[in-house]
Protein chains: 2
Amino acid sequence: MSESFDSLVAQVIDLRHRLHRHPELSNRESGTRDLLESLLGAIDGVELQRLGKTSLLASVTGTGIKNAATKNAAKNTAENTGTGRTLLCRAELDALPIQEETGLPWTSENPGVMHACGHDAHMAALYAAILWYAAHRDFTGEIRFLFQEAEETEGGAVDLIDSPLFDGVDEAYAFHSINAPAGRLLIPPKRATNGVAVFRITVHGKSTHGSMPHLGIDPIRILADIIGQLAALPSNAIDPSHAASLTFGTLKAGDAANQIPDAAQATGTIRAQSHDDLQRLCEPAKTLTVTIAQAHGAHADFEYGAVDPVVNDESITRRLLAELSATLGPDAVQESGPANFSDDFGFFSDRFPGAYLLLGAGDKAQGMPYPNHSARYFVLDEAIEPAVRAWIALIGARLAA
Amino acid sequence: MSESFDSLVAQVIDLRHRLHRHPELSNRESGTRDLLESLLGAIDGVELQRLGKTSLLASVTGTGIKNAATKNAAKNTAENTGTGRTLLCRAELDALPIQEETGLPWTSENPGVMHACGHDAHMAALYAAILWYAAHRDFTGEIRFLFQEAEETEGGAVDLIDSPLFDGVDEAYAFHSINAPAGRLLIPPKRATNGVAVFRITVHGKSTHGSMPHLGIDPIRILADIIGQLAALPSNAIDPSHAASLTFGTLKAGDAANQIPDAAQATGTIRAQSHDDLQRLCEPAKTLTVTIAQAHGAHADFEYGAVDPVVNDESITRRLLAELSATLGPDAVQESGPANFSDDFGFFSDRFPGAYLLLGAGDKAQGMPYPNHSARYFVLDEAIEPAVRAWIALIGARLAA
C-alpha cells in the first residue's frame, strides 16, 4: 500500500498508546468514547451516532462507483434498502480492574485499571479501517464501525443488540487478540469462543442463634444441597461428546460461627459449546436451585447472564480464509480451533452471519508469554499494522463478495 | 450487715462503672488486670499472683480462729494440706467487640469494645467479696479469687486450667448475669450451661480457571458434600432424647465467579448437653471432613475448640439453694434450668465440684429486655449489692459446711 497507509499506521500506533495510557472500566468509557468521537468527527464521510451508555457507531457509506457491478441485491435483508451489503465491524471500549505491570513507556496512568485484553489495539485497528474507508469510498454498501461498551462485564452487547442502529446489518465481524505470533490471523471456521453463563445463587433462609436452629432456616445447608446437585448437571444433561462445565468460584455467608445467617451466596460459571447446551444447563440449574430451596421451606434466586458462544458462519469464514490468505500472504493467516475465552460478540453472531477472527498479540518467542487478563499482557506494536491490513482486506473482501 | 458493708457496696458500684468505661478485648485485658492488682495490692491479707496472659489470682487465707471447729478434714483432697476447704471463685476480665448503645453516663470510652456480657459487674462483686473476707479472716480454709482472661474467645480457661495455682482447690464457683429480676439468684441444680464446640472446616483444593476444572480440585463442591453429611450427625449420633445441634455460621471461598479457588472454609458450632455427647459429635465431624476430602483427592482440616457444659454438683447445689434462701431470703433465690449459653467455666466444673449461679441483671419490667451480647445489655446497678451479698453468703456457707 501507499505512503499514506504507512502514515495511517504510525498515526494509529500513537492513538493506541494514548488509549492504553487512559483505560476506563466497563460502562464508564466516556473519556475513550469522547476521544474517538472528536477524532472521527473531523473526518469527512464518517457519520457518528452514540448508543447505549458510552458506545459509538461510526458509519461510512460507499459512493457505489467502483464496485457497483459486484452488488448482489439478493443477499441483502429486507431492511437493507441500500445498494450493497451492510457490514458491522466491532471493537470494545473497556479495560479491566487490574494494576498494570507491563513496565511499558505508555503504561496505564489510571491506577488499578488496565487494557489487559487488547481492546486498545482492537480500537486502534478499527479506527484505522474507518479512516481508510472514509478516504476510499468507491464501494457499494455501508460499513458500520461499532465501539462497544462493557464487553468485560454484564451489559455491553446484550444491552445494545436490539438497537435500531443495527437494522439492515447483513454481516458482523470482530477481531480479538490472543497469544500467537504478532499480527497473525487465526480463523476458527465454526465455533470461535465458548458460551458462558455467570451465575449467582442466593438462598434466603432465616437467621437464628446456633443454639436454636428450629427457630430459623439454615441457608448454608440448603446451599450445600444445591451445589451438590448442580455439580452433577454437566455429566447428566449434556451429550457426553460436547464440552460443558459448571464450576463454582465463590461462597459467602454469615459473620459469626454461632449465628445461622439470613442468606448464603455462591457464584460460578457454566460453559458450553452451543446456545442449546448452555440453556440445557442454565434452566435446570435454576429449577433445581429454586425447588431445593422451596423443599426446605426457604426460597432462592438463581440469577445468570449468559453469553452464547461466538459461532462463525462456516461458508463465509472458509471463503475469508482463502481470500485473506491470498491478499495478506499464507503465513499471515491460518485456520484454528476456538479460543478458550468467551466474548459477548456471541449476541451479534447469534443475530448476524459473519466471523470472529483471532489476532496474534505476540507469543513467547516475542516476549509475550502472558495470557489475556494478565497484568503483563499487551498487544505488541508489531501486531497493529497487520491488524489494520486485515480489517481493510476483510471489509474489501466482504463488500466485493 | 454493717455501715462498712454499705460503704463497700458504694465503693464497688464506683469500681464497676470504672471497669465498664474501660473495656478490653480477650487476651488484652492488661489494663483491667493492672487496675485490680493495684487496688488489691493495697489490701492487707490479700496475696496476688499473675497467671496466664493477663489473669490475676487473689488469695485470702483464713486465720482459723472462729470456725475451726467446723473444719471437716475428710472432705479435703490429698493436695489440700491446709486446715479447711479451699474455694476457687471466678470472674471474667474480658469485654466484647461491640459498639455500646446503652447511653449510660458510664458508657464505654473504648470505641467498638463493650462489657456486653456483665463481666464488669462480675468483677466488681468478686472484688467486694475479696475485701469482705480480707477484713473477716476468722475462718478456716482458703479462698482463691480468679480474674480470668479471655472467657469470650478460645483460650481463657483452657489455657489456665492446668496451672499449679489451682492445686489444692476443693470446689469452684462462678456467677453469671442473665435477664432476670436484678439481683435474683437462679440456681440450676445440675447442668448450668450448654457444651459447645466452635469449629472451622478448611478444604484445600487446587485452583484452576472455571473452563478447565479437570486441571484443579474444586474445594467448594467438596465442602458442600461435607456440610450435607455433618448436618445429619446430631440426628444420628446422639440419643434422640438429648439436646444436640450442629449448625453453620459462615462460608467463605474465592474471589471471582470464573476461578475455582484454592480453598473453601466454613465455620459453625456444635452444642450438646454433656462432655460425651459433645465428643460424639466432634470426633465423627472431624473424621467425615477429613475422609470426604480425601475421597475427592483433596485434604481438609477440621479445627475445633470445645467447652464442656458447666455441670453443677447436685448435692452441693441443692444445699446452697436451701442455705442461700435462708440467708438472703426466699425471694432472692430460685431453682432454675440451665442457661442457653456456654461458658468456659466448664473446664473448672469438669475438674472441681461446685456451682455456677445465674444472677439477675434486670428484666423487661426493669427496663432491661436486651439479652447478653446486645449493644444495650448491662447489669443494673441494683443487682450489685445482692451479688455481693450472694458471694459473701455462698463462700461463708461453703467454708462452714
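Using N, Cα and C of the backbone, Cβ positions are placed for all residues, glycine too.
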Which candidate from B:H299, B:H373 does TrEMBL annotate alongside B:C117, B:H119, B:E152, B:H176 at the Mn(2+) binding site?
-> B:H373
Candidate with sparsest Cβ neighbourhood (10 Å radius) among B:H119, B:H176, B:H373, the listed binding-site residues | B:H373
Cβ-Cβ under 8 Å from B:E152 (Mn(2+) binding site), same chain, 6 or more residues apart: which ones?
-> B:S26, B:E92, B:D94, B:A95, B:L96, B:C117
Just how many other Cβ atoms lie inside 10 Å of the Cβ on B:C117 (Mn(2+) binding site)?
-> 27
Secondary structure tally of the domain 'Peptidase M20 dimerisation' (B:192-282) (DSSP, helix then strand then coil) | 29 helix, 36 strand, 26 coil
In the same chain, which residues outside the set B:C117, B:H119, B:E152, B:H176, B:H373 have their CB within 8 A of the centroid of the CB atoms that define the Mn(2+) site?
-> B:E92, B:D94, B:L96, B:H115, B:A116, B:G118, B:E151, B:S177, B:N372
According to DSSP, which of helix, strand or coil covers B:H176 (Mn(2+) binding site)?
-> strand
Provide the three-state secondary structure of B:H119 (Mn(2+) binding site) computed with DSSP.
-> helix
